[in-house]
Amino acid sequence: MLHFSSYGPIWRPVQVKSLLVWLVLEVVSSETLAQRGEHVSDRNIRLHQNDDDEWQKFLDMLGTPDGIEKARNSSRVINQIIKKVNSKAIIHEPAPGDVVPSGSDVWSPETRWRRVSESHPDGVVSTLPGRSLRWKDVSYISLPMVCVLCGVAYPAVIVGSLLGLTVLVSMCLKVEQQYQKSGDAEAEEPHVSAEDAERQGVLQPFIDKLPILPKHKLTPTSRRIYVVWATFCCAVPSIMVFGTPLLMTILARPFPQEVLAALTLLTSAFVFSNTLYMSVFACFGLCRMHAQSKVEPLDFAVDDPSGEQRRQRLSAADVRHWVVLPQYKEDVEIVHMCLESVAQSTYAKSSIGIVLAMEEREENAQGKAKKIIQEFQHKFSEPCMIDPALFSDLSRLLQQKRDEVFAVVQGDMKAFYHPGNLPNDPPGKASNVAYAFRQLYAEVSDCDNVVLTIADADSEFGAGYFESLSCQFAASQSRYKIWQSPVFHMKNYHRQPAPVVVGTMFTSMQELSGLTDPNAVRFPYSTYSLPMTLARDVGGWDVEWIAEDYHMGIKCFLMTLGKTSVEPIMSPVINYVPEKTDDVTKETAWWGTCMARWTQLQRHALGFSDFSYYFMMLPLVFSFSTSSSSRDDEGLRGFWRMLFCGTTLLVRLVNVHVLIGVLSTYGAMEFSLRVLMQVFFGDSRSQDVEILLGHVGLFPRYLMLVTVICTLAVAVVFFTSYNWLLKPRIEGEHNLPPLLHFTKNVASLAWASPIYFLAMGWAIWRAAVLVLTQRSFEYHVAPKPKQEVRRQRAFGCSSGELC
């Protein structure tokens, strides 16, 4: 079918005979008709209401077999003639009323839209054998502009622009002349403040070796440029969340049809691809978790026959574990649950140590730690046999100061208290972990075979977690690895309100899918493990960034020039969702629990600040790679590898933070644009608007239909995970039959999903503003079930009974 663009003047068939000959040669050939089993005849070419006798005779001749064969033989000559045709001679200038509206003129109700049927009047040749030509009566829309706008709305264009701007800023940074002399010993002296040196302590030598250029080595002009750049980086989340919708709103003036199509396609495509991704890879993840649950923990410790692949032939039993439990205002019984799950490991008494990362500002923190150590010391230590007759002095000392000396004698349970007077060091998980790690590293003599596991205080480890971790660490050829298990926020699943269940389902399935997909970009999340040498080499944890899990993953990626990867351990960890109980009835407060989850959601959204951190560090890494002070043999090669690999990391951050934040905005913009087009285009063009909206929404409707099916598949995987693997570990019992239970989950998805994603969008908007206006954030502790309430539920007591 001959199709001309509706932009520009009208092409008259009578004036482009040569062009039609060429098209017939290309489309209607004897080979094509033979493949269809048809005979060549003049019925294969149609002419519609044309009174040009000369043109009719020409087509009659061309419709014969001899004519087509003759034309085919001379096609090369005709093509050369076509290229020499004067376009001005064959173009018919349109009448003033036929001009396609451009720019903001499209909003004028007096200007009519050009339709395809008007740009292609009667007389156009159809190459459809035996059929009459029918043009689709649609309004004009620019496909290239739709593609550009999708790139703006994603926002792939902005991310690409930021990367290019980062490289330009990096090239503008210059190093002081004195630090360019690699042989100058004084030039290489570390320049750190007294506060930083005191806080970093034993890690300072490793911090000095990081592949980033210290800011004090930059020239004064470069330092000012970097300060401006760092301030701009803090505005990047706001640019993403607010600037992108604002830009789309501005572009909606000259390109309303294209903006409407881009917003509709982007939102539906993102939701579709995300649910399809979860429905496929979460299913595989469920199968892998179920397979690992069938393996006995002791079976993980069996040496691999291919022992020569092991790093220094290290045995799994030789791996030393330290589990760091940061906590602030956590109930003792919550911590007991976590320690009991760790104690179930076959390595508990031989290879696992516990670090209680306490907060000094917490009331009675030392008494709490003392109580925990006394109750669990026998589960994480081999008995230490001491003969009082031979060691009488030590025996008397043990009698006098048993509590203080115990940690020295046994050494497998430690408590460190994060001081409250450190500058720029607020209480929270990140600061507690950072301080505890520095203290632990100072006491550990050899960290080559040591693995750190950072866990929330309410995390319950699955069977075989530490055994599988030991085997993977022993077999690993690289120390640049972080291990992550699937995390399910389901310990109190039976008491979660519907909006909270929706969040639990999507978060758990998204993390499980990422761990199963071999090509996924992964981040450590909630509970994770890493070699102590990796944590040491990157300088430990940063206290300024509230999302310590994502931030540590990004920091390890940058400080190792893109070498760090996250590997899965398919032993699920479960923990609590924030829960608020009524003080009178001691039952779960529906609204209070939703608000507690909302508080936690706001804290998680502050991980958006890592977007700023990533772009802040890139110029310093680039300057280090180009300076003579670089000790890395890779130099710029390592930087460019990290930059290109980091693009996928940025895409993951965009999907996690940016798109979730702007999808609700795009939905509101799409609805508003539809209304404005129907109001301002006038009655004369109402049919045009209806045609446009109908055709733009056709493909997204199919996508949404498949999205619903995929969402049901995700709900099935989630429910199967609950029944197969997690149900025995969840508090309480569900009082509904399985079918009604699943139906309830589906109903929750139907009505609570919009509420949950609107709340996520609002939390990300808030986070973007806070990242722009603040440099430190307050850590809000999520409420957990109180001790007496958990005891009553465990023993089946009512609120008025004693248990």
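Quick reminder: no glycine exception, Cβ is built from N, Cα and C everywhere.
Fair warning: this is a prediction, and the values are worked out from it, not measured in the lab.
The annotation signal peptide is assigned in TrEMBL to 1-34.
Annotated transmembrane segment per TrEMBL: 152-173 (among others), in sequence order.
What TrEMBL lists as transmembrane segment is 225-247 (among others).
With a cut-off of 8 Å between Cβ atoms, the residues of this chain six or more beyond the transmembrane segment (259-284) that come close are 141, 146, 149-150, 152-154, 248, 251-252, 506, 509-510, 512-514, 516-517, 520, 655, 659, 663, 666-667, 669-670, 673-674, 677, 692-693, 696-697, 699-700, 703-704, 706-707, 710-711, 713-714, 717-718. Summarising the annotation, TrEMBL assigns transmembrane segment to 259-284 (among others).
Taken from TrEMBL, the feature transmembrane segment applies to 649-669 (among others).
Under 8 Å from some Cβ of the transmembrane segment (702-726) lie the Cβ atoms of residues 268-269, 271-272, 275-276, 278-279, 282-283, 286, 289-290, 293, 488, 490, 493, 505-506, 508-509, 512, 572, 574, 738, 741-742, 745-746, 749, all in the same chain and six or more residues away from its ends. The transmembrane segment annotation in TrEMBL covers 702-726 (among others).
Feature annotation from TrEMBL assigns transmembrane segment to 746-765 (among others).
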With Cβ distances under 8 Å as the criterion, find the stretch in 225-247, 649-669, 746-765 that has the most pairs with the transmembrane segment (152-173).
225-247
Residue numbers, six or more beyond the limits of the transmembrane segment (746-765), whose CB comes under 8 Å of its CB atoms
241-242, 498-499, 501-503, 505-506, 598, 601-602, 604-605, 608, 657-658, 660-665, 711-712, 715
